[in-house]
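Annotation source Swiss-Prot lists active site, S-palmitoyl cysteine intermediate at CYS180. Summarising the annotation, Swiss-Prot assigns domain 'DHHC' to 150-200. Among the features that Swiss-Prot reports, transmembrane segment is placed at 73-93, 106-126, 198-218, 236-256, 281-301, with the record citing sequence analysis.
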Amino acid sequence: MHPCSSVLHLLLRCMRGCCRHTRSRVPRRLRRHVSYIRLIFKSLYFNSLTNSDVVTDSILEPVFWMVEVVTRWFGMVFVFLVVALTSSVVFIAYFCLLPLVLHTYSPGWMIWHICYGHWNLVMIVFHYYKATKTPPGYPPKMKTDVPFVSVCKKCIIPKPARSHHCGICKTCILKMDHHCPWLNNCVGHFNHRYFFSFCLFLTLGCMYCSVSGRHLFIDAYNTIDQLKHLEAEKQGVPVTGIGLLIGIVPSAGVAGKAVQVAQEVSQPPYTYKDRMFHKSVIYMWVLTSTVSVALGALTLWHALLITRGETSIERHINGKEAKRLAKRGRVYRNPFSYGKLNNWKVFFGVEKRSHWLTRVLLPSGHAPYGDGLTWDIYPLKKDMMPV
């Protein structure tokens, strides 16, 4: 055997003997207390059911807390932004576009634009106000006979089906979809219809402004571009892409040309009012086009959820449940879906054909189906089928 290996083997035996000797010197009673303390410490955090999702949520808990605090404190700021931006578009439409419509459009088109624009504006204002002021619905805190599926770990109260806890509102919400910072309110059972209708009619209104004002936008953009060229020539900057971007000191030849242009153009071709008109048209078109794309995508997503009879939260829950059952060879079926058309009827509260007009296309403050605690709507409302 190699001498180094023999020395190493002897050293390991000595260390093992020392450890055994030290352990034997520790009283058994002390070792028992140490084991008990270790057990108590592990009981505070150890859970055999803990998975990667729980660990991820625990790590991101400070981020969630910060988002909740910011959303809670800036809720009124978001509401103010919605009101301010919408009011600015309405102001431009009334003082810039409406006079143009009255002087250039035929009587038929003029009546159509005025009627549609005001109808759309009324629907937007009504549904936004109702979505903001209507409580989403809360589970009863007193003991009742209503069946519940679980107990909220935050509120410590029975939680009915489709109810979830909102960390921003600090309470449980009936049929919670999400907390909307633009409403400064949760979207739940009693204001879900108002929220979706607001998104739908605001999207339609922005699309209407964007499409009907596209020619005005092109004219205004070209006019502003011409004004930039004229101002650049006056200052002696070459009328090129680089010259418009970089305000350099003009050369002698360019300076002479600038003096000549300044002498020829003694009066500005457009007044301040004309400039503000063109800038307002550009602002309105860019804003409404952007909102049309962003809010339109959100509206389509919520329309898909309504068709499936689920909320944004239930979409994730149902997806996980479907994957779990798929591994067992089973198909998951949403118990709260009554069919594509019936889901829309339940959502809008449509009971007869005339309700599509009075409850969907006109402002209506009717209550939704049910109380948000139980969901046996379809067996009790079979007369909805022929609508």
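Glycine is treated like the rest: Cβ placed from N, Cα and C.
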- Task: Let me know the model's mean pLDDT on the domain 'DHHC' (150-200).
- Result: 92
- Item | Tally of DSSP helical, extended and coil residues in the domain 'DHHC' (150-200) | 9 helix, 16 strand, 26 coil
- Counting only residues 6+ away from its ends, which parts of the chain sit with a Cβ under 8 Å from the transmembrane segment (106-126)? 86, 90, 93, 98, 197-198, 201-202, 204-205, 208, 212, 363
- Item | Chain residues outside the transmembrane segment (281-301) and at least six past its termini with a C-beta under 8 angstroms from it | 85, 88-89, 92-93, 96-97, 196, 199-200, 202-203, 205-207, 209-210, 213-214, 216-217, 220-221, 224
